[in-house]
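Contents: one structure, followed by commentary.
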Amino acid sequence: MSAAVITLKTQENASHNLIIQRPPAGLSLQGRIRVPGDKSISHRALMLGAIAEGETEIQGLLLGEDPRSTAHCFRALGAEISELNTELVRVKGIGLGNFQEPVDVLNAGNSGTTIRLMLGLLASHPGRFFTVTGDDSLRSRPMSRVVKPLQQMSAEIWGRKGNTLAPLAIQGQALKPIHYHSPIASAQVKSCILLAGLNTDGKTTVSEPALSRDHSERMLRAFGAELSIDPETNSVTVTGNAKLYGQKVVVPGDISSAAFWLVAGSIIPGSELVVENVGVNPTRTGILEALEMMGADIQLENQREVAGEPVADLRVRSSRLKSCTIAGDIIPRLIDEIPILAVAATFAEGTTIIRDAAELRVKESDRITVMAQQLNKMGAKITELPDGMEITGGTTLVGAEVDSHTDHRIGMSLAIAALNASGTTTIHRAEAAAISYPNFTNTLVEVCR
Ligand code: S3P
């Protein structure tokens, strides 16, 4: 079987068109691959390293645009962070409460995790003034979810549209601890409040309606913070006046990046792929459960624990997928994988329903509208729901001109759909992949060989 033709073309405005042409006889994917470091863990390693005392060594850091934004901001706050050009990165921390006042606006780029987690730290630095902003996408995403609880802690924050949108200005204050009942299951909200709580006089608790990813909790403990967790109520309590100490962090491969290959390997007949060294933290493995419900053939091999996070190699073989319903508490455990799950559902037999996922509308793009519009251009049958999608499977996709809308996960999901579509697909603004997966196109070429 011949390989797909995959071409990357730079446009006059420097954006990239990724052109994917499947051979008429089809193709199958083979190989053992690795995905880049976990984005959530990478951000946290840089941030905790920056506020710890002593040196932190990070192995396997994601060298994507989002962690670069974090590194850039925390350098401006006084931490010494080595160049992000090898996967081994060193951070010389400045100790909690010791940020310097930056001389310019802190720019979080496209990264919601950078801006929201950083806000908790900035707001709790008395006597210093900070301004934060981001790119077009980030400046349209809701910040009230962190501004409101921080204000309850006495934070002083101003921003556009009634303090709900960046750019934001922060006058650091001595904050008071609170018990916050978050209305949404969000690791960014939870982590923001916990980080703010580190520098208070007392205990700060956050509870959430369903469990979101717990990387902050694991890493805060490893760095020496005092934390208690009540699984019954999904609540976490951090003790203030904390002291953190530099650590060795090993970042596993990102399951959100592995998800593209798990779906590609499942839907493309005759495929067998092994994705090595993937983080399988139970707060992130909703994608494995959803694909299992759909009849995917995925095995976890060589399961182990590395630096406080569970890791495995994932073997996927192609199989006939069937529809399923994805809703409820599983949603926060697979929220970033819904665009690629929509691709899987398009090739599955029956109608897949995704609900309780209104959060998708405030990600890097409105992932419900954008995914439905773009996949429908290729012949998919996706109907938007206010909080999800209804996807009629078993459709044959035909190559088309589609657009990432500058959203990394949309661009990569469309590329996987293109591998299983007849003819040629052009994905506009495909460079968005560099946010979380700079090597995506190279690996795509590698597995198609
Ligand atoms: C993240 C949490 C999730 C996720 C995002 C990364 C994190 O966002 O979608 O990509 O690193 O904490 P929410 O907390 O908004 O659900």
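Yeah, the Cβs are placed from backbone N, Cα and C, and that goes for glycine too.
Note that TrEMBL annotation is computational and uncurated.
Annotated in TrEMBL:
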DOMAIN    28-444  domain 'Enolpyruvate transferase'
BINDING   Lys39, Ser40, Arg44, Ser186, Gln188, Asp336, Lys363  3-phosphoshikimate binding site
BINDING   Lys39, Gly112, Arg141, Gln188, Arg367, Arg409  phosphoenolpyruvate binding site
ACT_SITE  Asp336  active site, proton acceptor
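Known features from TrEMBL, placed on the structure.
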residue: Lys39; record: 3-phosphoshikimate binding site; CB count, 10 Å: 24
residue: Ser40; record: 3-phosphoshikimate binding site; CB count, 10 Å: 29
residue: Arg44; record: 3-phosphoshikimate binding site; CB count, 10 Å: 26
residue: Gly112; record: phosphoenolpyruvate binding site; CB count, 10 Å: 21
residue: Arg141; record: phosphoenolpyruvate binding site; CB count, 10 Å: 19
residue: Ser186; record: 3-phosphoshikimate binding site; CB count, 10 Å: 23
residue: Gln188; record: 3-phosphoshikimate binding site; CB count, 10 Å: 23
residue: Asp336; record: 3-phosphoshikimate binding site; CB count, 10 Å: 26
residue: Lys363; record: 3-phosphoshikimate binding site; CB count, 10 Å: 20
residue: Arg409; record: phosphoenolpyruvate binding site; CB count, 10 Å: 27
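Taking Cβ-Cβ distances under 8 Å and a sequence gap of 6 or more within the same chain, the neighbours of Arg367 (phosphoenolpyruvate binding site) are Ile338, Pro339, Leu360, Arg361, Asp407, Arg409, Ile410.
When the binding-site residues Lys39, Ser40, Arg44, Gln188, Asp336, Lys363 are screened for a Cα within 10 A of the Cα of Arg141 (phosphoenolpyruvate binding site), the ones that qualify are Lys363.
Calculated from their C-alpha atoms, the gap between Ser40 (3-phosphoshikimate binding site) and Gly112 (phosphoenolpyruvate binding site) amounts to 11 Å. Largest Cα to Cα distance within the recorded phosphoenolpyruvate binders Lys39, Gly112, Arg141, Gln188, Arg367, Arg409: about 19 Å as a whole number.
In the three-state DSSP reading, Gln188 (3-phosphoshikimate binding site) counts as helix. Note: the Cα of Gln188 (3-phosphoshikimate binding site) and the Cα of Gly112 (phosphoenolpyruvate binding site) are spaced 8 Å from each other. The two recorded residues, Gly112 (phosphoenolpyruvate binding site) and Lys363 (3-phosphoshikimate binding site), show a Cα separation of 8 Å. With a cut-off of under 6 Å between the Cβ and any atom of ligand 1, the binding-site residues Arg141, Ser186, Arg367 reduce to Ser186.
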